Amino acid sequence: RIQAYRFRTRVPPSPAASGSPRSTRRDVAVQAKGSWLPGLQSPAYLDGSLEGDNGFDPLALAEDPEDLRWFVQADVVNGRWAMLGVAGMLIPEVLTKAGLMNAPEWLRLPGKETYFASSSTALRVHMSSTYVEIRRWQDIKNPGSVNQDPIFKSYSLPPHECGYPGRVFNPLNFAPLENKEKELANGRLAMLAFLGFLVQHNVHGKGPFENLQQHLADPWHNTIIQTISGQ
């Protein structure tokens, strides 16, 4: 069971409000976070109690509680990977343009296509990551079931919220609700940015920083409108 932080702050009723003075926990969450589209009623299963929940699920993909548990963790993990990926795509290009290093282009290296490692190394990495992902899936299905190290029995994790193991994975104690909200918001932006970088490179054959420089040099002509129109 994924433990979800819920708002417990009392919200005093407005003097102009009419009707029952009682307020539910969902009412507090909605007032605190708001909806992703003003005036649109959020689904009943998205009551604002989860971090980053603004009622966005137009296709009702998370209506099933088991699916919702999986999507919550997928949102966190994919956002973390996206933040690392965006940094890995952007920072080397910026440092190369600044003359501080000479990093190869992140998507296309000169000459024939190359890969980051040999086939045997890639296989070992794949097998290791598969093992880690299986353990993560087990923790989602049965929280706490993978806290004990299966090999070194003297090592174990303390009870924790799924997706937030703490200790060495959280040395600065970024666990309070505000930081979880920020992590999710930045992770979602990073996922969109990652997709944008790929599209830009596919259209222009250039990196995101170079595209930004060209836009700033001539903001009235180097835009998406000119790109779509073929000018």
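The backbone N, Cα and C atoms fix where each Cβ goes, and this holds for glycine too.
Annotation comment: Swiss-Prot describes Trp36 as chlorophyll b 1 binding site, evidence class similarity to another entry. Residues or ranges marked as chlorophyll a 1 binding site by Swiss-Prot: Phe56, Arg188. Residues or ranges marked as chlorophyll b 2 binding site by Swiss-Prot: Arg80. Per Swiss-Prot, the feature chlorophyll b 3 binding site maps to Ser118, Glu133; the stated evidence is similarity to another entry. Here Swiss-Prot flags Arg136 as chlorophyll b 4 binding site. Among the features that Swiss-Prot reports, chlorophyll a 5 binding site is placed at Lys182, Gln200. Marked as chlorophyll a 3 binding site by Swiss-Prot: Glu183. Summarising the annotation, Swiss-Prot assigns chlorophyll a 4 binding site to Asn186 and lists similarity to another entry as the type of evidence. According to Swiss-Prot, the chlorophyll a 6 binding site annotation covers His215, on the basis of similarity to another entry. The region 'Disordered' annotation in Swiss-Prot covers 1-25. As annotated by Swiss-Prot, transit peptide applies to 1-31. Summarising the annotation, Swiss-Prot assigns transmembrane segment to 183-199 and lists sequence analysis as the type of evidence.
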**Request:** Please tell me which one of the binding-site residues listed here (Trp36, Arg80, Glu133, Gln200) sits closest to Glu183 (chlorophyll a 3 binding site), measuring Cα to Cα?
**Result:** Arg80
**Fill in**
Rounded Cα distance in angstrom between the residue listed as 'chlorophyll b 1 binding site' and Ser118 (chlorophyll b 3 binding site) is 45
**Item:** Which of Glu133, Glu183, the listed binding-site residues, has fewest other Cβ atoms within 10 Å
**Value:** Glu133
**Complete:** Between the C-alpha atoms of Arg136 (chlorophyll b 4 binding site) and Lys182 (chlorophyll a 5 binding site), the distance in angstrom, to the nearest integer, is 22
**Request:** Please report the number of other Cβ atoms within 10 Å of the Cβ of Ser118 (chlorophyll b 3 binding site).
**Result:** 9
**Prompt:** Including all protein chains displayed, how many Cβ atoms other than that of Gln200 (chlorophyll a 5 binding site) lie within 10 Å of its Cβ?
**Reply:** 18
**Request:** May I ask for the distance between Gln200 (chlorophyll a 5 binding site) and Phe56 (chlorophyll a 1 binding site), taken between their Cα atoms and rounded to an integer number of Å?
**Result:** 27
**Request:** Using Cβ-Cβ distances, find the residues under 8 Å from Phe56 (chlorophyll a 1 binding site) that belong to the same chain and are at least 6 apart in sequence, listing them in sequence order.
**Result:** Trp36, Leu46
**Item:** Same-chain residues at least 6 apart in sequence whose Cβ lies under 8 Å from the residue listed as 'chlorophyll a 4 binding site'
**Value:** Gly79, Met83
**Request:** In whole Å, note down how far the CA of Arg188 (chlorophyll a 1 binding site) lies from the CA of Lys182 (chlorophyll a 5 binding site).
**Result:** 10
**Item:** Collapsed DSSP category at Glu133 (chlorophyll b 3 binding site)
**Value:** helix
**Prompt:** For Arg188 (chlorophyll a 1 binding site), which of these binding-site residues sit within 10 Å, Cα to Cα: Arg80, Ser118, Glu133, His215?
**Reply:** Arg80
**Message:** Which one is it, among the binding-site residues Arg80, Ser118, Glu133, that lies nearest to His215 (chlorophyll a 6 binding site) by Cα separation?
**Reply:** Arg80
**Request:** Quick one: pull the CA-CA distance for Glu133 (chlorophyll b 3 binding site) versus the residue listed as 'chlorophyll b 2 binding site', whole Å only.
**Result:** 14
